[in-house]
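So the structure is just underneath, and the comments pick up after that.
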């Protein structure tokens, strides 16, 4: 891990000393659990501050006022657990983490306990719990599914005022075109701060295309 890269990420996102300590603990936990549970791509662990932490933190710059977040398919806690650590000093900040894999949920729960992250871990399939989480302001998911599937899962939220933030790679335009065959929505493509070819797809006002 590059100390210079860590310092750059913390400075760019104005991370407090206390939050930096929590993120360091998260990285230590991720490294320890990676040896027994493949939480992230092994090559990306060497670039964790850029590939994962900075990539997650940039979502806060897109929705700086939001305090009620939901992360689908949380896995290693990216971006949800990282967002919770960055926001835990803010009153009322909370992130729901939805993950169907029990061992990944064990990682999320233990790391949240050690870091004091303001999260609720939902060990369940998305479709089983999404309808009960309608107080969500922002729903996000990274590297989980094509956009059309994400919209299908989040329909109960995005039709009721919740904003979707979905980081996508170079296929973002293709996924948007495919999604527009089934859905009508307002969208913005926000350039990623960590990958010049990636975009954050911001979705609001979702409805199904009339048959």
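Every residue, even glycine, has its Cβ placed from backbone N, Cα and C.
What Swiss-Prot records for 73, 126, 127, 142 is S-adenosyl-L-methionine binding site, and it gives sequence analysis as the kind of evidence. For residue 127 (S-adenosyl-L-methionine binding site), other Cβ atoms within 10 Å of its Cβ number 10.
Residues 73, 126, 127, 142 are the ones the record ties to S-adenosyl-L-methionine, and the longest Cα gap between any two of them is 17 Å. Listed in sequence order, the residues of the same chain lying 6 or more apart from residue 73 (S-adenosyl-L-methionine binding site) and placing their CB within less than 8 Å of its CB are 98, 99, 100, 126, 141, 142, 144, 145.
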